[in-house]
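These come from TrEMBL:
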type	residues	note
DOMAIN	4-118	domain 'Tetrahydrofolate dehydrogenase/cyclohydrolase catalytic'
DOMAIN	137-278	domain 'Tetrahydrofolate dehydrogenase/cyclohydrolase NAD(P)-binding'
BINDING	GLY163, ARG164, SER165, ILE229	NADP(+) binding site
Amino acid sequence: MMLIDGKLISAKVKDEVKIKALNLAKQGVVPCLAVILVGEDKASQTYVASKEKACKACEIESLAYKLSSDTKEEKLLSIIDELNKDENVDGILVQLPLPKHIDTDKILEKIDPKKDVDGFHAINAGKLVSGLDGFVPCTPLGVMRLLKEYDIETSGKNAVIIGRSNIVGKPMANLLLNANATVTITHSKTKNLKEITKNADIIVAAIGKPHFLTADMVSEGAIVIDVGINRLDNGKLVGDVDFENLKDKCSYITPVPGGVGPMTIAMLLNNTIISATNRLKRQK
Ligand code: NAP
């Protein structure tokens with residue numbers, strides 16, 4: 001069994017990002033990411049703080065908008081409108097979830113697809129499905145980078161995704177399909193899940209249920225990618241995979257923490273660099 005080290009690979013990506021950011025700055029383009037947080041959700045505050053810190057470490061300017069939970073939808077739309085127009089802003093990220101009185105789809109569709117570094121806009125989702133260049137959601141993008149770094153072949157492999165969210169499952173499936181895997185997407189209504197996962201060369205678990213994928217669901221030699229982040233009552237952070245009982249059956253496996261998690265921010269920074277590079281090209 002080989003452990004896939006997301007900490008190590010994310011540090012490598014961040015090093016590359018920093019070099020590219022400094023290079024862009026020399027040419028007059030300082031990469032800039034705007035992050036909007038609405039409300040006081042503790043987890044969201046932590047995520048936003050980590051994103052700001054990572055930007056700083058990688059020479060990316062970060063603009064933080066911290067708005068109260070009673071912020072009106074109109075106000076949020078007008079902030080996004082201003083950021084869309086601001087030539088010095090390369091990426092716009094709205095931290096989810098938003099308070100209930102705000103229409104999330106409406107907000108995400110307001111972001112200029114050219115600055116949609118989270119890859120959640122329907123235009124970017126459509127581009128991914130069509131195999132065209134566009135911004136791709138950071139978590140599945142991070143998974144692809146991990147597979148690449150460990151020389152894991154995807155072409156012709158049976159890949160099974162558990163979970164069909166727009167943030168992880170669906171884009172993950174499209175990325176693996178574009179990389180020539182034979183992809184099965186499973187979800188809560190799937191029958192005989194175990195029969196399907198038993199046939200998989202690669203399993204991506206993105207469910208949100210601790211220890212959901214158990215050893216009996218996996219074949220000898222499978223590659224298991226655990227996207228889940230679950231906090232147990234005792235405060236421990238665990239994934240969607242029963243890591244301890246399953247690890248020895250796998251050829252490769254990601255741990256939680258230290259697997260997919262650290263890749264998400266690294267790929268967000270990388271997407272911001274891509275956007276800043278596009279800005280430089282437009283200016284030339
Ligand atoms: P989500 O939107 O809640 O989606 C969960 C998916 O799991 C749904 O498609 C659901 O099916 C499916 N599911 C639930 N119970 C199932 C069952 N018994 N059998 C098969 N499928 C089942 O969650 P998400 O946003 O994709 O996130 C998934 C996990 O990844 C969470 O733990 C989240 O914290 C974590 N995550 C991590 C990162 C990172 O940076 N590493 C980023 C994003 C998310 P239905 O569609 O039928 O309901």
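Residue 1 is the first one shown; counting continues down the chain.
From the backbone N, Cα and C atoms, a Cβ is placed for every residue, glycine too.
Where TrEMBL records a feature, it is marked here on the structure.
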residue	record	contacts (Cβ under 8 Å, 6+ apart)
GLY163	NADP(+) binding site	GLY169, THR186, HIS187, VAL204, ALA205, ALA206, ILE207, GLY208, VAL227
ARG164	NADP(+) binding site	LYS170, ALA173, ILE185, THR186, HIS187
SER165	NADP(+) binding site	ALA206
ILE229	NADP(+) binding site	LEU237, GLY239, VAL256, PRO257, GLY261
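Shown for the domain 'Tetrahydrofolate dehydrogenase/cyclohydrolase catalytic' (4-118): DSSP residue counts in helix, strand and coil, namely 60 helix, 18 strand, 37 coil.
Mapped onto DSSP classes, the domain 'Tetrahydrofolate dehydrogenase/cyclohydrolase NAD(P)-binding' (137-278) shows 56 helix, 26 strand, 60 coil. Confidence in the domain 'Tetrahydrofolate dehydrogenase/cyclohydrolase catalytic' (4-118), given as mean pLDDT, stands at 97.
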